[in-house]
């Protein structure tokens, strides 16, 4: 009993750090510059404690050791030839190896740390939706203050964003047709796509809360996550929801599969037109983010062809910036993970990512696990459209996909 309690405490601590690490405002607050180092140390200590408590229940100890050694040697070779940002990359490698062990600690249906992450994101979803309606839309109370925010800093000049007790932030707005300008729900994250990313991942995990294989209906937590995704006005999240419901709908009754395909064509046309309208109306800090997103794919591919095998070096943003046009000189942030990994890590590092996704899809089909497939497919979609290349949550999911069969057999 005590073991479960202590494991739960550690898992929720680690899950909170994973959320903070995934583009939270707290890490972009200039007043809290040491938070990154503090959370890094806490993550290592919490992980060691969780592993120590559950060392006897790890499924395959020898395999875990071999996986850790392989990853260490694989990236050790890479760092010899690409020693760019070596300190930060070694720190990230330590996290990868630690997560290989942490992900072996099982919860009810998923690794314990991912279940804790999903539960915390549901809590954040509920809290942020309520605050968004009452504070950002209805404006029941004014912000409690502002904080310096370096996510959108230009030439070292940062902006200030409204905050409500440092538990809810207003980082972006959007101009909607017939409605006008409103605040987007970004919760505790730097921008709407980042909030949508975390809500989407939690939703994908919650789909597998009861079973990878069977559809258990929609739960209250899933409903809250859907509302939270919609309130971000992020097209990435909208498209993912449409894809998920489309797959679920087609799978619901295979007997009428052909008729459903015929019926869905006009629905998809309307959905695409609606999304296109939202894209055209979406303005991020005065600049059409859509143009930047498409240009990022171009920049990433060009940089990849300049350094195809080993890439330009993990975390080497300068290599990407050098291939950007002068028109975006003050907008050098990158927006997708797939071409960033290709450009910075080359084929060598990209193989690890590709192997994880392929393994996850393979196990999903092998065990006929629809929800498992949606989790892998959804993560791959987010990987192609959103920037979280080296965040802890993506690393954890990639490790999960490699060992997916453990959870299918577990049922």
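Cβ from N, Cα, C; glycine included.
Here's what TrEMBL has on this protein:
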DOMAIN    223-353  domain 'O-antigen ligase-related'
TRANSMEM  6-26  transmembrane segment
TRANSMEM  38-58  transmembrane segment
TRANSMEM  64-81  transmembrane segment
TRANSMEM  88-104  transmembrane segment
TRANSMEM  116-138  transmembrane segment
TRANSMEM  223-250  transmembrane segment
TRANSMEM  256-279  transmembrane segment
TRANSMEM  299-321  transmembrane segment
TRANSMEM  341-358  transmembrane segment
TRANSMEM  365-383  transmembrane segment
Chain residues outside the transmembrane segment (116-138) and at least six past its termini with a C-beta under 8 angstroms from it: 8, 11-12, 14-16, 18-19, 107, 110, 164, 167-168, 170, 182-183, 185, 187-188, 195, 198-199, 201-202, 205-206, 209, 221, 224-225, 227-228, 231, 393, 396
Within-chain partners of the transmembrane segment (341-358) [C-beta distance under 8 Å, separation at least 6 from its ends]: 74, 78, 299-301, 303-304, 307-316, 319-320, 376, 379-380, 383, 389, 398-399, 401-402
Averaged pLDDT score, the domain 'O-antigen ligase-related' (223-353): 83
Residues from the same chain, set at least six apart from the ends of the transmembrane segment (365-383), whose C-beta lies under 8 A from its own: 197, 200-201, 204-205, 207-208, 211-215, 236, 239-240, 243-244, 247-248, 251, 337-338, 353, 357, 394, 397, 401, 404-405, 407-408
Long-range neighbours of the transmembrane segment (6-26), counting only residues six or more past its ends (CB under 8 A): 32, 35, 39, 42-43, 46-47, 49-50, 53-54, 102, 105, 107, 112-117, 119-121, 124, 147, 149, 151, 161, 163, 166, 169, 171, 186, 188-191, 194, 197-198, 388, 391-393, 396
Positions on the same chain near the transmembrane segment (299-321), where near means CB under 8 A and six or more residues out: 78, 81-85, 88-89, 92, 332, 334, 336, 338-340, 342-349, 390
